[in-house]
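**Student:** Feature list, courtesy of TrEMBL:
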DOMAIN    15-151  domain 'RWD'
DOMAIN    189-455  domain 'RING-type'
DOMAIN    193-237  domain 'RING-type'
Amino acid sequence: MANDDLVHCANLREEEWAVLCSAFPEYTEASTSAVSAPGALRLEIPVELNEQEVEIASDLPLDVDSLPESPARLRISNLPPLILELIFPSTYPLRATPLLARLHTVNTWLTSTEIGRIRQRLIDIWEEDLHIESGTLWRTCEWIRSADFLHDLGLMDGSVRLLHPKPHLLAQRLQEHDAAVKFRAFSDSKFDCAICLTSLKGSKCIQLNCKHVFCRPCLTDFWSLHIKEGDVDRVMCADAECVKANRPVTEDELSRVVSEAETQRWKAIKRKRALETDPGLVYCPIAVCQGPCPSPNAQRLKQFDLSSVDDVTLRRNHLTLRTCENCGFAFCMLCKRSWHGLAPCSSDIKAKFVQEYMELEDGSEGRLALERRFGKAQLVRLVTKFKEEMETENWLKSSTTNCPNCSTSVEKSMGCNHMTCTRCSTHFCYLCGQKLRAEDPYSHFSNDPNCKGRLFEANGWEEEDDEDFAADPFD
C-alpha cells in the first residue's frame, strides 16, 4: 500500500476516533495516538436496557446429589460493560479490519460460548464495513450499547435470559452495578429542589422512591422539624402531588436523610400512635411487664381460613393469641392465661361455676363442695368481681352506644346525637349506632325513618339536668 494511502488511513482513524470520543467520551481514556498510529485500543462499552426484566438460570448439570439453584429475577436498566481490546492495522479502515485481541465482560455475566458467538458476529460486522472510510467503531459501539447483540444471540425476547452457576450471586452483582450506574448519572445531573427552588447537582440532592428530588439540607430540616414536634404524619415527600396523595415515607428513605436518633424517635411515635388506635390492643398480664400486645398482623392472619368457623371455634383460633413484644410471653387474649391452643379458656369455666355457686343456697352441700374445692375466699372474690362486671356491662348497655367501627363505648353528656369516636374518628349516630358518612353526617337525621328529626333529642341524663337547671334557685 502506498505511503499516501497509509497517511490517508491514519487520518481516517483519527477522524473516526474524534467522532467516537465526542459522542461517547466515557467509553475509553485512550488518546488519539492509539488509533492514529497502528496499535492497541481498549473500549469499555456499557449495555443499556430500558428497565428490562432479567432472568438468570443455573447452567450447572443436573446432579442426583444436589439440586441446581433456583432462577433469580430482577429488573434493571444497565448491564455491566463489554470490554474490547482491539489492534488496528496500518491499513484500517480501507484494506483491513480491526483485530480482536480480547473480549470479556465485567462480572462475567456471559458464558464462554456466548462470548465466542459475539466475537464471531463482530468479525462479520467488520467484514461488512471493510473499505468504508467512516470505519466500524461507531457501529460496533452502538450494537453493544443498545443491547442489539442480545437479540442477535437470542438472549432477549421480552426479557433478558442469562445462564450462570450461581444465579442469585450474579443477580446481586448486577443489581449493585445498576444502582452504581444510576447513582453516578444522578450525581452528575442537575435538579431543581421543590422546596427552595435552587438548581443543584444530584450529588447534593436526594431522590425519594416517588422520584421527586430535593436538596439534602431542605429535606433534612423539613423532616427533622416535624419529628422534633412529634408531627410524624407530616414526614412525607414535600411535593404537592405526594402531599395530596398522603404518601407515607419509608424507614429506608428517612434513614438516608435524618440522623439515627431522629429515625428512632419517628419509629417510636409511629408505633405509639398505631397502638393507641388499635381496637384489639391488650396488655401483657404479667404484673412486672404489662407491655403492649397489638392485634395480629393482617398478613399473618391470611394463612387462616376463618370464613366457615362458628363462634366457639373463632374464640379458640389464632386470633386470640397474643405475644408480648417486651417479655415474649404468649397468652390468650380472652382469659389472659398462658396460651392454651384449642383448649377452652379457664375463665369460661370459672364464670360457669361462679354462676352455679351464686345460685346455690348458703350452707347447701353443693356450695360447701365448691368452697372446699376452690376456697371460700377465692370464690367470694370471683363473685364480687363477677357482679361488678355485670353492673358495668348493664350500665354500658343502658347508658352508652358502641362505636360501629372499633366498638368503643361512648357516652353522650350533652349536645346533638352526631358523635365522633375519639379513638378511631368514626362518625356515627348515638341513637341507633349507625355509621355516618364523614362528608355529610347530618343527612342521616333527615332521611333515616327511625332518627328523622331527632338530631337534638335528649337522653335521660340531659332531661334531668335541664329540669334542674330550669328550676328557680330561690324557691
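Placed from the backbone N, Cα and C atoms, the Cβ positions cover glycine too.
Curation does not apply to TrEMBL; its annotations are automatic.
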**Student:** Over the span of the domain 'RING-type' (193-237), count residues by DSSP class, listing helix, strand and coil in order.
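**Tutor:** Residue counts in helix, strand and coil order: 20 helix, 10 strand, 15 coil.
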**Student:** Summarise the domain 'RWD' (15-151) as counts of helix, strand and coil residues per DSSP.
**Tutor:** 43 helix, 46 strand, 48 coil
**Student:** As a test of reading the model: what is the averaged pLDDT for the domain 'RWD' (15-151)?
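**Tutor:** A mean pLDDT of 83 is what the model gives the domain 'RWD' (15-151).
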